[in-house]
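Structure first, then comments.
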Amino acid sequence: MTVTAPYRPDPPAGRDGFVPVLRAEWTKFRTVRGWVAGVVVAAMVTVLFGILVASGVHCASGPFPGRPVELPCSAPLGPGGEAVDDRFFFVHRPLDGDGSVTARLTSLTGITTFPPPDHHPVVPRVVPWAKAGVIIKAGTERGSAYTAMMITGSHGARMQSGFTSDVAGPPGGVSAASPRWVRLTRSGGTITGYESADGTRWTEVGTARLAGPARAGLFVASPCDLSVYQGTFGGVGAACRFTQATAVFDQVTVRGAPPGGWGRTRVGDTGQRTDWELYHRPAGVQESAGTFTVTGSGDMAPLRAGEHVTVEWALAGVPIGLVVIAVVAVGFISAEYRRGLIRTTLLATPRRGRTLAAKAVVAGTVTFAAGLAATGVAIPIGTRILRAGGAVVLPVGALTEVRVAVGTAALMAVVAVLALGLGALLRRGGAAVAVVIATVVLPEVLAKASILPDGMARWLLRVTPAAGFAIRQSVPEYPQVIGYYAPVLGYYPLAPWAGFAVLCGYAALVLGLATARLRRRDA
Amino acid sequence: MRRHLRAEWTKSRTVPSTVPLLLGVVALTVAGGAMASAATTAPACAASGCTFDLTKLSLTGVLLGQAVVVVLAVLAMSGEYGTGMVRTTFTAMPRRSAVLAAKAAVLTGLTLVAAVIGVLASVLAARLILPGNGFTPAHGYPALSLADGPTLRAAAGSVLCLVLVALLGLGVAAAVRDPATAIGVVLGLLYLFPLLIFVISDQAWQRLLWQVSPLNAGLAVQSTTDAGLPLGPGAGLVVLAAWAALALLAGGLRVRLRDA
C-alpha cells in the first residue's frame, strides 16, 4: 500500500514574503465596513463612558455609593508629589543644623470607637499602626518632608520617611516593664534612626535625607480603624472610625536646638472634634517633670485609591470597548470560515501560519491605534472633569500616566489578538466571543462591581486573562498603610506588568494552538 | 406544533455542541459556586463585622453558568443562519413564528434540566464545603437546606433565571443572526449593566438602573437576607422576563418580516 502525501502547491515565486500577506489582510479588514465601524465604536464607547463616569463624581458625594463619610475636597502633596494624609500631634523644637532627638517611650495606649463585631461605643485598644516616637520634619505644614523613628501598635519599631518609605526595626511593643528608646540623629542632611531597649546599646534601623531648617521632637498618630461593608447596589462602602493613641515619653533630649520652650502643633488640624475629644481626652501634650504625655490621632501616609479617585477612573469604559473589540476580532477570522473565504485565502497564501500571523498583526495594530486614541483622549479629559467636580485625583508621575495610557491600549490590542486566536481555534464566532467575554471582561466587571466574594475575585484576577487589567492600576499598595486593597477599589492582586504578562501568555498560547490547528486541519 | 417541536428536538439532539454546552452549564454553575464557597471563610468576615448570605454565595456560579446558556441559546438560532439550514427549515415549516416558538420550547426544556442539576449540585457543594470554612451552626450559620423556604425560593428562582436568560439569548440571536454579535450583545447586556450601576454616583439613577438591569434584577431572587434591595425577588424575575419577552418579540418580528 502506498501512502501519498496530500498535495500542497509550491508557493508562487516572486510573491513570497510576509508583506503581501499583511497587505491582503489589511485590505480585508479595511473594506468590511462593520469591522472598521466596530473599532471606531469601541474607542468612542471607551471615551464616552469614561467621561460619563468622571462627570458623576464629586468630592462630597464620593465615588462609592453608600459612603457615610464625606470625602475631603483637597489633599496636600508630599515631597514625592503624591497626595498625602498628614495629621498627628507634634511637640517640637527648631533644629536647623546637625543634632539629634532622643526619647524613652514607656507606654502606648489608645482607644478605638465603635469597633466590630459588637460596636461598643469606645474600647481601649491600640490599632496596629498607631505610632509614637521621635520625628524631624521640615515644618509644621501638612505635606512637608519628615523622617520619624517610631514604635507602632503591633508592628514593632519602624523608621518612616517621606510618606511612602517604611523600614522595619526590631519587633515588639512597649510597656512600663520594657520601655523602648528611639533616636534620630542628623549630620549633614543625612538622618539616621536608632532603636534601643536600654538606652546604651543602639540598633541602627535606617537612614534618610532631610536637609535645611526643620523642627524636631515627639509625635503621636493613630490611623482610623477601617471596616468595609457591601453596598446594596454593588461596590463597597468603608467606614473609617476614629481612634486615638496616647504615649508617655521621658528622658527626652534634643541636641542642636537653640534654648527655648516646646512648640505644640496639631498638624493637619481640620477644626473638627469628635465627642471623645470634646468630653474625654483632647489631642495634646501634658508635661510634668520631664515626662511628656502626648495624645494624637491621624496618620502620615499616601492617600489610597478607593477613598479617592485615580487616573484610571477615566478608563472605566475599557471593558465595554473590549466587548466590541472581541466581536470584531473574532469576526475577522470566523467570517472567513462562515463564508468559505478561508479556502481562497489559504490557496493564495499556502503557508498557513503566515496568514494567521498577518491577521494578528492587523487586528493588534488597529486595536492598539484605536485604544491609544481612546486612552489618550479619555485620560486628560476625564481627569480634568474629575478635578473640575472637586474630586482629588491622586497625582501620579508622568511615566506612570504613560504606562496606564499605553498599557491599556496594549491590553486592548492583546485581547484582540487573543480573540482572533480563539476564533481561529474554535472556528465558531459565537463560542469564541463568549469565551473572550467570560474570561477577560467578566472577572473584571464582577470583581469591580463586587458581585463576587473578594477572595474569589482576587483569585480570578490572578489566573484568568483578566489579570491584564492590572496594567491600569496607577497607585501602588502600601503595606504600612491601613486600607482596603481589594480589586473592587482598583487594587489588583498582581503587579501591573505581571498581570499584563499573564494576558500575553494566554494570547501567545491560544495563537500557537490556533496556528497548529490551522496547519493540521482542513479548512 | 408537535411536528415543529419534534423537528427542533431532533436538531438539538443531533447537533454535536448541545451536550457539551449543557454539561458546561452544569460544570460552570457548580464550579463557580464551589469556588465562591471555598474562597470565603467565616473568621475573615467576622473580623469586619459582616454576615454572609450563604444561599446567595452558594449560587454564585449561576453568574458564570448563564454565559454558557447564552451560547447554547444563540447557537440554536444563528447556527441555522450560518449554515443556510434555516431556508430548508422555513420551506418545511412555513409558519416562522411557530418555528421560533418550538425552538424556545426545546431550549427551555434543555436549559431547565441543566439548570436544575447545576443549582442542586451547587447547593449540595456549598453544604459540604461551608462548614469546613467556619460556617457552622455554632457560629450562627445553620447548614443550607432546600427545606428552608428562602433557600428553596432562591434555588428555584436561579433555575428560572437561567431559563429566562436562554430565552433572551434566543430572541437576540433571532434579531441579530450573526452569532458573534448576538453573544456580544447578550453578554454585554447582562454583564456590563452592573459596571454601569457601579460607576454612576447619582443614587436615583443607580436605583433605576439596578431595577432595569437584567442581571441584577433577575438575581435579586437569590438574596435571602438583604431586605434593602430595590426590587423584591418576584419583581426582579418579572424584569428579566420582560427583557426576554422583548427580545423574543423583536426576534420574532425580524424572522417573520425579513428574508432568511
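In case you wondered, yes, glycine gets a Cβ from its N, Cα and C as well.
Database features (TrEMBL):
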type	residues	note
TRANSMEM	A:35-57	transmembrane segment
TRANSMEM	A:313-335	transmembrane segment
TRANSMEM	A:356-382	transmembrane segment
TRANSMEM	A:402-425	transmembrane segment
TRANSMEM	A:432-451	transmembrane segment
TRANSMEM	A:494-516	transmembrane segment
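Sequence-distant neighbours of the transmembrane segment (A:494-516) (same chain, 6+ residues past either end, Cβ-Cβ under 8 Å): 352-353, 356-357, 360, 403, 407, 410-411, 414-415, 417-418, 420-422, 424-425, 439-440, 461-463, 465-473.
Among the recorded stretches A:313-335, A:356-382, A:402-425, the one sharing the largest number of Cβ pairs closer than 8 Å with the transmembrane segment (A:432-451) is A:313-335. Taking Cβ pairs closer than 8 Å, the transmembrane segment (A:35-57) reaches residues 29, 63, 309, 313-318, 320-322, 324-325, 327-328, 331-332, 366-367, 370-371, 373-375, 377-378, 381-383, 385-386, 389, 391, 412 in its own chain, all 6 or more past its ends.
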